[in-house]
Ligand SMILES: Cc1ncc(COP(=O)(O)O)c(C=O)c1O
């Protein structure tokens, strides 16, 4: 079994290094809290997908397109890096589409997801001639058709189906179950009805079937079940005289947040998906294959550094208070997510502690009962695997500016996002005259 790894963290002479750079020195130079992203790790993660799936192109002559899910981390330096590598974009808002265009992602590699696209967003997608809107409801289909007609063009659409597959992940990041809000239900015939309606619409071009069953999938079997359900549906469509060009299977693999948990890598995923699609080669013309991974492209490439300001004892625990908080990285607070935590100076003596941020919320805790090398006030603490759904979910709660972010490379490091200032925190507030 191979593992999705985090190759950028090393420990040398009792010091934690990130991509070869001493975490203590980075914290001193750039201040804390600080996000550190590794260019090399992002490139490795992206290339593993390309490498694993190239056999689909070789065996079928069809395209394989990786559309990175911008929601995981849409920092412009990162989206430009991925675009330069040839990566496409999965966007879910006008804002993400704007960033994709600014990152020079070609239109034919942009797909637009989401269950509540606004009229303005649909216009923007049509004007940019994107590869497909992944349509989530019949209402959306009707609106896209109307807008395309007004503009005098034809819009490309794929249909997001809900296959009712259990992704075996956290309920808050499950999306392909019958009781989730996403997609067009297959079993009840709603998906087929929508596609037949689309066939009659003059301003709609049916290009694909889309499906996304959830995030942080650590088992391959749900992907196989999903692929089978999608391919079975494509056979049904063929029988109705509807040919499908693109199959989009949604997000990618989970990542090993727990370092002792085995997770299959991209090669296992590719074997499973390609093997399943190949079983249909005598039944349908094989489609182009699209994947929209986010987490597995950037999660392992990110570390959040926080400085210890206080250490206090309560009757129940010893608490280490750091200057990073739940506004900087929400995953533990909202999903009870586990992240490895390592001090940047690793002393011999160990102790069991809770690590918390400084916000006025009891859920502002990064880890409980962690056995760590003893820490002292002034030490730097590293929270690992925060490159995905970290800065992109960060907010200004407790009027805290979002952190600075740097990108490490072979030859040095660069700031890729500035820390927000107090002035920026109130820049959008307006005080009416009577309160001046
Ligand atoms: C439609 C869609 N595609 C792709 C993704 C990315 O998933 P992941 O980050 O698990 O690869 C998501 C995230 O939930 C999503 O909702």
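A Cβ is built for glycine as well, from the same backbone N, Cα and C atoms used for every other residue.
Per TrEMBL, domain 'Orn/DAP/Arg decarboxylase 2 N-terminal' is recorded for 41-299. Along the domain 'Orn/DAP/Arg decarboxylase 2 N-terminal' (41-299), the predicted structure has mean pLDDT 95.
Neighbours of residue 71 (N6-(pyridoxal phosphate)lysine), defined as other CB atoms within 10 A of its CB across all chains, total 22. Per TrEMBL, N6-(pyridoxal phosphate)lysine is recorded for 71.
When secondary structure is read from DSSP and collapsed to three states, residue 293 (pyridoxal 5'-phosphate binding site) falls in the coil class. The feature pyridoxal 5'-phosphate binding site is assigned by TrEMBL to 252, 292, 293, 294, 295, 389.
In the three-state DSSP reading, residue 389 (pyridoxal 5'-phosphate binding site) counts as coil. The substrate binding site annotation in TrEMBL covers 295, 331, 335, 361, 389.
All protein chains considered, the CB of residue 360 (active site, proton donor) has 8 other CB atoms within 10 Å. The feature active site, proton donor is assigned by TrEMBL to 360.
Counting neighbouring Cβ atoms within 10 Å of each of the binding-site residues (252, 293, 294), the lowest count belongs to 294. Around the Cβ of residue 295 (pyridoxal 5'-phosphate binding site), a 10 Å sphere holds 26 further Cβ atoms from the protein chains shown. Sorted by the number of other CB atoms within 10 A, the binding-site residues 292, 361 start with 361, the lowest. With a cut-off of under 6 Å between the Cβ and any atom of ligand 1, the recorded positions 252, 295, 335, 360 reduce to 252, 295. Distance noted between the C-alpha atoms of residue 361 (substrate binding site) and residue 71 (N6-(pyridoxal phosphate)lysine) is 25 Å. Of 71, 335, 360, all annotated as recorded positions, the residue with the shortest Cα distance to residue 252 (pyridoxal 5'-phosphate binding site) is 71.
When the record's pyridoxal 5'-phosphate-binding residues 252, 292, 293, 294, 295, 389 are compared pairwise by CA position, the greatest distance found is 15 Å.
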